[in-house]
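The feature Zn(2+) binding site is assigned by Swiss-Prot to His105, His109, Asp115, with sequence analysis given as support.
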Amino acid sequence: MSLELYNTTRRDIPEQKLMQVIEGVLGAEGLVIEDLTAVYCGNRLSRRINCEFLQHDYPTDTITFRYNDGEAVEGELYISLDIVAENAQRFNVSFTDELFRVTIHSALHLAGFEDTSVEERASMKDKEDHYLNCFCQEDSL
């Protein structure tokens with residue numbers, strides 16, 4: 001198993017806890033990590049990746065790439081801490097809560113969940129809430 005986490009910003013983030021959350025969500029979905037890289041970055045990198053791979057010329061909260069099928073996950077996820085901070089303010093939640101929600105969201109994409117339709121978004125939101133309650137309670141941080 002290889003899970004590597006990189007923080008390319010100056011913002012402090014709970015790296016060990018984020019790794020535990022990623023492992024926990026994937027494990028609960030019946031998956032294991034084979035080779036996964038999690039990059040917590042700023043808007044510049046997020047925009048570049050979003051433009052290059054999805055042809056969207058703007059930064060986004062998360063971009064997730066799954067490179068294989070099956071139970072052993074190989075992939076990458078990129079999370080913009082700038083967008084996480086903006087969304088935390090917009091939704092009136094803490095930066096940490098939003099960071100965990102977006103990390104869980106990314107892990108769910110790795111597990112095969114989509115969010116293109118209203119129904120899929122609602123299902124993912126329910127799963128995010130469930131995993132936030134499981135792994136991200138204040139006493140477990």
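Indices start at 1 and increase along the chain as displayed.
Yeah, the Cβs are placed from backbone N, Cα and C, and that goes for glycine too.
According to DSSP, His109 (Zn(2+) binding site) is assigned to a helical segment. Cβ neighbour count within 10 Å across all protein chains ranks His105 highest among the binding-site residues His105, His109, Asp115.
Within 8 A of the CB centroid of the Zn(2+) site residues His105, His109, Asp115, the other residues of that chain are Thr62, Thr64, Ser106, Leu108, Phe113, Glu114, Met124. In the three-state DSSP assignment, the secondary structure recorded for Asp115 (Zn(2+) binding site) is coil.
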